[in-house]
Each structure stands twice: as C-alpha cells, then as structure tokens.
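First comes the structure, then the notes that go with it.
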Amino acid sequence: MKILLLLVAFSGVVFSEWIKEMENQELFQGDIVLDPDEDERGLNKNTFASIKGGRWPNARIPYVIDGSISSRGQSAISAAISDYHSYTCIRFHRRTNERSYIKFYKGRGCSSPVGYRYGRVNSVSLASGCWTKGVVIHEIGHSIGLYHEQSRPDRDSHVRIQTQNIISGMAYNFNKQRSSNIDSKGTPYDFDSIMHYGPYAFARSRGLITIKTLDPQYQNRIGNRGGFSTIDKRQINLMYCGGSGGSGGNGGNGGNGGGSGSCSDKVTDCQKNIQGCRSWGQAWIDYMKKHCQKSCGFCR
C-alpha cells in the first residue's frame, strides 16, 4: 500500500475491471486469508490489516501449480511471474523441498494470505474467473506482503467511501489503518495501483459506486487489473531490494529498506522520473529527496 498523487501515462492497462471472484464475503477484504492462529491472536476482520506482512528471504519465492489449474490458468500465472521478474528484484522458482512456498490452486474465488511466514504454505486460490495476468499479480502482491491501497491512513485525502452503497455488513472491508501500522516506503497514494479496489467493490447493487475519487479524473482509473503501476514497481523494489529481506514471519516487516551513507540514488529509475524532483506535489518531492538525492541535486 502506498501517500499523494502521481500523473503517469499507461498503455495497455485495464482500469476499473470488476472481478466478482475477488469479493468473497467470508474473507477479510474479499481476498485475504487469515490463519486460525491469527484469529486467535486477535488479527480479525477489523485489525489484521494493521500487521505488516513478512518478506520472503532473499526475495526468492518457491512455488507450485496444482493440477486443478488448466493451461489457461497456468499461462496467466506464468505471465504474472514474468512481470515480477521484469519489473522487480523478486525471483520465483519451482519448489523442491522448501517448507514455505506459494501454492496456486483452483478454489472458489481469488484469495491469498498476506506476506511470508516461516513454515507456512501460502495457498493462493484462483478460480477460473481469476485467470488473468493482472488478477494473479494482485494475489501474488498479497503473498509478498502488500495490502489494499485504499486501506492507507491518508486515503480520505484522495477517495471517499460511500458506505450507503456497500452490501450490508461488508463496510469493515473499507476500514483504513493508522499511519503507524502501514509502511508505504514513502511512496505517494496510487490510484493506478494493482492493489487498489475498483469503484464498485462490494456494491449492494451493480453500478453503485462505493469508492469515489475526490478528483473525478481518477474515478475510472482505480481498480487496475492490467499490470503494475509505476509506483507498484517502485514500492516492491523498496521492500525487497533496499534491505536484506526476510523476517521470521509472524507478520514482521523483515527489516528496513533503503540505506545510508554517501549521497546516491537509492532506486534505479530516478532519471526517468526526474521531473518529480520539484513539481509533482510535496509528498512526491519528499520521496525523491529521500530516494533520488543524486539525480535531483539534493546532495549536501
């Protein structure tokens, strides 16, 4: 999950796509699976999103694909993994004997646990309606430790939740979290995130808007299920490339990203986004000052 707004042009990205299989009413936020002991520790519907998902050690993730998934589903998984390999430092490999791994299987809907946990198999359910690259990227996003974008504590500065349009009893899925609970790695609020709910999520009637963007130009952009946004890529790389990676599980965030020392760029695409050094809003400027010191001329 990610703090203001960034104007970026995307091609071939699917916005505001409604995926009914991602709205499982018995799961937290529609597609997040809780372990039994997480319920016992009080990580219930109202509080689980406050726990930061653990990172996979060394950014390497073993996986298996269950035989219940057809060739079409396997192609979607392969395409999603290919994008992770192309745009992030995370690397997937077929499981050998690892205790912790991701298992893709054909279930009732689209769902995943959040983050790495030692000894746990992250069972990612992919019903046939989930067999698209973007949906698989989203569910893998949960498994690597990402929550839904609109859970961010600053979301009310960007969207309004229209509770009157939400299915009765489902409003808890839109709870926002305290700033102390979510680490967005300094990135701005991302309307285009692959992890953002669409505008009609959990609507009590088809066509009713449940998430309304305060700036109308973004209304049809939330709910991207086409692929990573620019900020998605940056945030994942800050999570996994900026530190040693991998905590012991139990919801730990696996260490700190970034680094200190001599003045340098901390991410790889500073030159590409150099116009953000001074002109994309204060939150984005703060991000560039921290991560693109050399390119932006902020060295002291």
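The backbone N, Cα and C atoms fix where each Cβ goes, and this holds for glycine too.
Heads up, TrEMBL stuff is auto-annotated, nobody curated it.
Annotated signal peptide per TrEMBL: 1-16, in sequence order.
Under the heading domain 'Peptidase M12A', TrEMBL lists 49-242.
Summarising the annotation, TrEMBL assigns Zn(2+) binding site to HIS138, HIS142, HIS148. Following the DSSP three-state reduction, the secondary structure of HIS148 (Zn(2+) binding site) is coil. When other Cβ atoms within 10 Å of the Cβ of HIS148 (Zn(2+) binding site) are tallied across all protein chains shown, the result is 23.
Annotation note: GLU139 (active site) sits in a helical segment as assigned by DSSP. In the structure as shown, the Cβ atom of GLU139 (active site) sits within 10 Å of 25 other Cβ atoms. According to TrEMBL, the feature active site maps to GLU139.
If you look up TrEMBL, you'll see 263-299 marked as domain 'ShKT'. For the domain 'ShKT' (263-299), the predicted model reports an average pLDDT of 66.
Within 10 Å of the Cβ of HIS138 (Zn(2+) binding site) there are 26 other Cβ atoms, across all protein chains.
Straight-line distance linking the Cα atoms of HIS148 (Zn(2+) binding site) and GLU139 (active site), rounded to a whole number, equals 11 Å. Of all the Cβ atoms in the protein chains shown, 24 others lie within 10 Å of the Cβ of HIS142 (Zn(2+) binding site).
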